[in-house]
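Worksheet for the structure shown next.
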């Protein structure tokens with residue numbers, strides 16, 4: 001299988017990239033800059049991961065997404081929501097946090113852009129880094145979303161590009177363990193909503209990664 005991989009530089013996308021390489025050829029890694037606070041760190045992490053695996057990497061800029069949303073991910077006046085570890089498995093708390101960082105149709109936009117590259121490069125798959133934990137609060141991480149996206153792509157691409165997510169049925173701990181087994185370079189990953197010198201260790205993305213690493217026996221700096 002030939003793939004275009006959506007690579008944000010985070011845990012899920014890094015492990016999904018490694019999975020893609022085991023299952024076939026990765027033609028291109030795509031990273032999106034939509035004005036998010038972590039954009040520079042994500043681009044740096046994604047570029048480092050692509051270089052590690054000796055793959056082509058391209059950044060696509062989508063400034064309009066920042067213009068049309070007030071999400072805390074991009075807003076200069078809104079603080080990123082902090083979380084507590086004990087809240088990570090509480091559906092109501094997770095949904096409230098998700099609403100604060102929601103970007104309109106973000107994954108839909110990403111997948112359709114990647115599908116255009118996939119069709120042009122005669123690739124079979126667009127690979128995304130979804131996971132079971134966040135599917136409950138982010139509907140565009142869910143298996144139903146992938147099914148719907150594939151139904152749409154079967155009409156909008158002549159070669160019937162499909163979306164695949166090798167991590168979608170796994171929780172974060174399982175994803176870390178899978179990455180450890182495949183030798184994923186965790187030191188290159190950026191799993192934070194913020195763009196400071198170091199990960200904040202307070203946002204939901206950080207806390208999920210830290211908890212998973214601890215449970216899986218992965219030491220973080």
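Glycine is treated like the rest: Cβ placed from N, Cα and C.
Keep in mind that this is a model prediction, so the values were computed, not measured.
The following features are taken from Swiss-Prot:
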type	residues	note
BINDING	7, 8, 9, 10, 11, 12, 13, 14, 15, 16, 17	ATP binding site
BINDING	192, 200, 203, 206	Zn(2+) binding site
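Everything Swiss-Prot records as a feature, shown here on the structure.
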residue	record	Cβ within 10 Å
7	ATP binding site	31
9	ATP binding site	24
11	ATP binding site	25
13	ATP binding site	27
15	ATP binding site	27
17	ATP binding site	28
192	Zn(2+) binding site	23
200	Zn(2+) binding site	16
203	Zn(2+) binding site	24
206	Zn(2+) binding site	19
Problem set entry | Whole-number Å value for how far residue 203 (Zn(2+) binding site) lies from residue 13 (ATP binding site) (Cα to Cα) | 18
For this session: Name the one residue among 192, 200, 203, 206 whose Cα is closest in three-dimensional space to that of residue 7 (ATP binding site); these are the binding-site residues.
Result: 192
For this session: Report, in whole Å, the straight Cα-to-Cα distance of residue 206 (Zn(2+) binding site) from residue 9 (ATP binding site).
Result: 13
